[in-house]
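The next block holds one structure in the form of C-alpha cells; read it before the comments.
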C-alpha cells in the first residue's frame, strides 16, 4: 500500500538514528580510530547492512524511505528501482515492493558485453531509474552506478540512501553536477544528537566525535599515520 501521510523530516531522522543505535550499527572509537578505504582514520563507523536482520526496524525504515521519496520526488517520478551491488540490493527490493515498481541491480563490474553489461534484471531505454544504496560518504561511489544506468538509455536523476554522512560539504555539489539529487533519512549529526539524548556513549567520546564531524579533514590530518618513506 502506498503511504499517503508524511511524518516530519526531523522525526524520521531522529527515529532512524535511534534504530541504528539500538541495533548497535553505530560505532564510535576515537582513541583507536577505524581506517577508511581511503587509508584515513575515522572515529566513527556505521554498518547499515545489519538492518536486514531486524525485520521490524527494517520495515519501518523502508516505510520512511518510501514517504521521503513520494514527498520529495513525487508519486510518479520513477519507473524502476535499482540497487547498487552489494549493499543496496536488499533495500532496493524493499523500496520497489512499497512503490509497486520493477527492481533491478547494478554490478560494480560488467558481466559480458553491451550497454546492459552491468545491469541485472530488466531495464529499458527511457525508464526513470532511482538508485538505492545503504549509505553515502562523499557521493563518489554513486556516480559509477549512475553512469551504468544511463548507458542503458535510461535516466537516473535521483539516489536514495538510509544514511548520509553529512560532513563533507562537497558531496551534494558533486552529485548535483552529475545531475543527481540525493535523498536520505539521517546523518551523523542526527546520530550524535540521539546518542547524547540516550546516553549511548560517554561524554568524552561524544565530544571527540563532534570534533571530527565539525572538521573531519583537520581531525584526520592530525591523526593519519606518518609516511614511512620520509626520514626524521
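Positions of Cβ are set from backbone N, Cα and C atoms, glycine also.
In Swiss-Prot this protein carries:
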{"type": "BINDING", "residues": "107, 108, 111, 133, 134, 135, 136, 137, 138, 139, 140, 141", "note": "5-phospho-alpha-D-ribose 1-diphosphate binding site"}
{"type": "BINDING", "residues": "137", "note": "orotate binding site"}
Let me make sure I understand the structure: which of the binding-site residues listed (107, 111) has the fewest other Cβ atoms within 10 A of its Cβ?
111
Same chain only, sequence gap of 6 or more: which residues have a CB within under 8 Å of the CB of the residue listed as 'orotate binding site'?
165, 168, 171
Here are some binding-site residues: 136, 138. Which one has the most Cβ atoms within 10 Å of its Cβ?
136
Looking at the binding-site residues 134, 140, which sits with the largest number of other Cβ atoms within 10 Å of its Cβ?
134
According to DSSP, collapsed to three classes, what secondary structure does residue 136 (5-phospho-alpha-D-ribose 1-diphosphate binding site) have?
strand
